[in-house]
Amino acid sequence: MSPQTETKASVGFKAGVKDYKLTYYTPEYVPLDTDILAAFRVTPQPGVPSEEAGAAVAAESSTGTWTTVWTDGLTSLDRYKGRCYHIDPVPGEENQYICYVAYPLDLFEEGSVTNMFTSIVGNVFGFKALRALRLEDLRIPVAYIKTFQGPPHGIQVERDKLNKYGRPLLGCTIKPKLGLSAKNYGRAVYECLRGGLDFTKDDENVNSQPFMRWRDRFLFCAEAIYKAQAETGEIKGHYLNATAGTCEEMIKRAVFARELGVPIVMHDYLTGGFTANTSLAHYCRDNGLLLHIHRAMHAVIDRQKNHGMHFRVLAKALRLSGGDHIHAGTVVGKLEGERDITLGFVDLLRDDYTEIDADRGIYFTQSWVSTPGVLPVASGGIHVWHMPALTEIFGDDSVLQFGGGTLGHPWGNAPGAVANRVALEACVQARNEGRDLAREGATIIREAAKWSPELAAACEVWKEIKFEFPAVDVLDKAKK
């Protein structure tokens, strides 16, 4: 027998394959305050017990592999392994479970969303023993949160920078999203800001294409911002999309935006990646820029109920990585978003502390300690008739963005902006007077339209426009 063989035998190594549940299913385990907790929606293959499936998820997303390895004896599995500590059947489903997994904090690099996701939502999602797997929620411990900077500035600092309080902020995505020259693009920005909007926005796929290079767009938009500010006396901004093919190019664009003196830049955080996003967030805090986040590609990840990752997890990840705004659906517009679920992750973005709330799909109590909040952005297929519902659903700490609902106005861009500003001010005043926006919303808009011809014209154009399709992702309680 060789010395190597003798060493393996002396530590009790036994080659072969054993059930995951023997090592990674630990129902007696009490999670530590420092553990990262995950709630997975697990759909096992037929014949795979729920305990084995949950344990497999814990193993393959932490220290485990498909067979016993002798190097297990060179470390402490009890210290580093993930543990499936609780399993609940999903109501209304025959073979689907919520499996709760606890991960020791030492498994993750400090301040790195990239590393956290590489482990928790890595290769395990292609595991053959599972028909489907979805990460529903994470509990991020305070000890890990404190290793992140988080949003560059947060809600209160943004309001102070803009000197705007007591109402949602108003925005607009410039349309058509692709094809305009930089000068015509800047003209549209100016008209919308002059009409009463707080922000205008690059669409997510506006980067630096042949028809409009980024530097030209930045210059014309900055000119539009300063001209609109001079005419209105209000602070204005345009989300200049700094997303680029490399991190170096992205930062170069952000540097140029800062040199122009504009207040805010933008990033597509999922297509750009968490490493790039965190780098940009650090630059924005150091240089006084607000950071608007678009979630392009999110529905590829989060829309299917049984597989992928819920947006509430992506929202938590963004708050760690850094962003002052993030798109969060509208509930009433053209994009997917069930009301209770949307309000659940809106709370996660804005509040310092959220409790477990099954009615909103929140699986864990979450403390954000001193991490600044993020403004949710409602955007996508909304117009003036939606204003009462949006004001009631999202409240003051939000951004309401009307792209087609501004630039589609029959009289032009500036009247479209006027219509939205009048509608918003009317809804905020009515709410402050104690009126019920949900019940009286249409009446409030009609009353305001009597003295605003711009709003009256908008009401006429969009009076029949609705997007009434059932949400794909709904709460499990709906099946009971």
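Counting starts with 1 at the first residue shown.
Including glycine, each Cβ sits where the backbone N, Cα and C put it.
So that you can see what the record holds, here are the features copied from Swiss-Prot:
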type	residues	note
ACT_SITE	Lys175	active site, proton acceptor
ACT_SITE	His294	active site, proton acceptor
MOD_RES	Lys14	N6,N6,N6-trimethyllysine
MOD_RES	Lys201	N6-carboxylysine
SITE	Lys334	site 'Transition state stabilizer'
Could you tell me the C-alpha distance between Lys201 (N6-carboxylysine) and Lys175 (active site, proton acceptor) in angstrom, no decimals?
10
Between His294 (active site, proton acceptor) and Lys175 (active site, proton acceptor), how far is it from one CA atom to the other, in Å?
16
Going along the chain, which residues six or more apart from Lys175 (active site, proton acceptor) have their CB under 8 A from its CB?
Asp203, Gly403, Gly404, Leu407, Gly408
Look up Lys201 (N6-carboxylysine) in the DSSP assignment and report helix, strand or coil.
strand
